[in-house]
Each structure stands twice: as structure tokens, then as C-alpha cells.
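Everything on this sheet refers to the single structure shown next.
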Amino acid sequence: MALPFQLGFQDATSPIMEELLHFHDHTLMIVFMISSLVLYLISSMLTTRLTHTSTMDAQEVETIWTILPAIILITIALPSLRILYMMDEINNPSMTIKTMGHQWYWSYEYTDYSELCFDSYMIPTSDLKSGGLRLLEVDNRVVIPMEMTVRMLISSEDVLHSWAVPSLGLKTDAIPGRLNQTTLLSTRPGLYYGQCSEICGSNHSFMPIVLEMVTLNCFEKWSTSML
């Protein structure tokens, strides 16, 4: 989860988020190198007194500044396309969970179980227990087995919402009349927090998401107790 004064991303909990972090560092390094070169050229032009007035054209320079940006764009585009395909690829999910956005709460349905469904509301600050996180705790967490591929089907009953969990690298729009899907895979147990990331009305800020990643045995016990 996010911490006060945090400057970087949240710790990655899924292979997709790890790839996104690597891509961010890769792109940031390219931006840093370009910025350093531009600053060096600007400082050189401001500090040197030497001028070159006899050159009417410079084909070599023009060739370089045409080819070099193309190479840079390719080095950014290829890993980006790879991650996009990874995010869209869903192969043999172990479980499917349907998520519906409402004003202003989420409802979940485990489609592999006949009657396992519930609504998830934010716990008001006045009802928080000791150690609870303000505006992030919910009355019903989404319990998911770790190290298993889970397909999330996401839609909305009323207006546009967006189901987002940063530590898993997930952000999928919930659109009325349309069913979007994404996949998640957690590499370790724990609680992972997210929020609605699309302005959806006056209580938009009060639609938290809490995923509880547990072992398969714990999930089976929980699902049995909920049925």
C-alpha cells in the first residue's frame, strides 16, 4: 500500500506490475539521457564563443537526428507492446470473479460458486477498529487464492467507474452495458488496497477496494463459511 511521503511506486505483487516497474525505469533512463544531452548542448552554446558561419547544410547531422529518434522510439515501443499483450492475455483462469460498480460501492460474485456474492462498502471513520485505515477499509474483503490466475469481469450498474489496485498493476474501467475483463495473479499473501479511479459522483472517494490474498486452503475454508 502507499505510504506517507512516498515518491516511488508501491511494491509489486504481480508479474505484470514487476514488468511495469522495469518498463518505467527503462523509459526514465532514456528520458534522463536525452535531457542530459539537451542540457549539455544548451550550456555549450551559451558558454562558447566559437561560431561556424560557412556551413550551409549538414547532411550527416540531419541523418543522425532522423535515425536516432527512430531508434529511441523503437526501444520504448517494443517493451511497451509486450506488456500490453501480457495484460490482455488470459489463459485458463482458475477462477472468475464478476465485479459490478455502483454509486458508491462494489458488488462481487464468484461465478464458480452458486451463491457466493456480496456487496463491499467502505467502513465509516466512526466505525473503524484500532489500526484500521481511514477511507480504505471495507466491510467485506475480496478473498482470492494466491499464486492462481483469476479472471475479473468488470462492469457497472449506473455510471462510469474504474476498478484499480496499484500494487497489482490493475486498472480497468467499469462501463454500463459493457463487460471488461482483466487477469490478476498475486505472488504473495497480504492485503492490497485500491480505489475507484474514475470520477463517478459526490462519493467517488469513498469506494475503496480491498483484496485479501490467502493460501488455497484458507480460501476453501472462507468460501465454505460464506455459502
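Keep in mind that glycine also has a Cβ here, set from the backbone N, Cα and C atoms.
Copied from Swiss-Prot, the annotated features are:
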TOPO_DOM  1-14  topological domain 'Mitochondrial intermembrane'
TRANSMEM  15-45  transmembrane segment
TOPO_DOM  46-59  topological domain 'Mitochondrial matrix'
TRANSMEM  60-87  transmembrane segment
TOPO_DOM  88-227  topological domain 'Mitochondrial intermembrane'
BINDING   His161, Cys196, Cys200, Met207  Cu cation A1 binding site
BINDING   Cys196, Glu198, Cys200, His204  Cu cation A2 binding site
BINDING   Glu198  Mg(2+) binding site
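Neighbour counts of Cβ atoms within 10 Å were compared across the binding-site residues Cys196, Cys200, Met207; the minimum falls on Cys200.
His204 (Cu cation A2 binding site) falls within a helical segment according to DSSP.
DSSP gives Cys196 (Cu cation A1 binding site) a strand state.
Residues 20-21, 24, 133, 136, 166-170, 184-188, 190-193, 213 of the same chain lie 6 or more positions beyond the ends of the topological domain 'Mitochondrial intermembrane' (1-14) yet place their CB under 8 Å from a CB of it.
Listed in sequence order, the residues Gly101, Gln103, Trp104, Trp106, Ser162, Ala174, Gln195, Ser197, Glu198, Gly201, His204 complete the 8 Å Cβ shell around the Cu cation A1 site centroid, once His161, Cys196, Cys200, Met207 themselves are left out.
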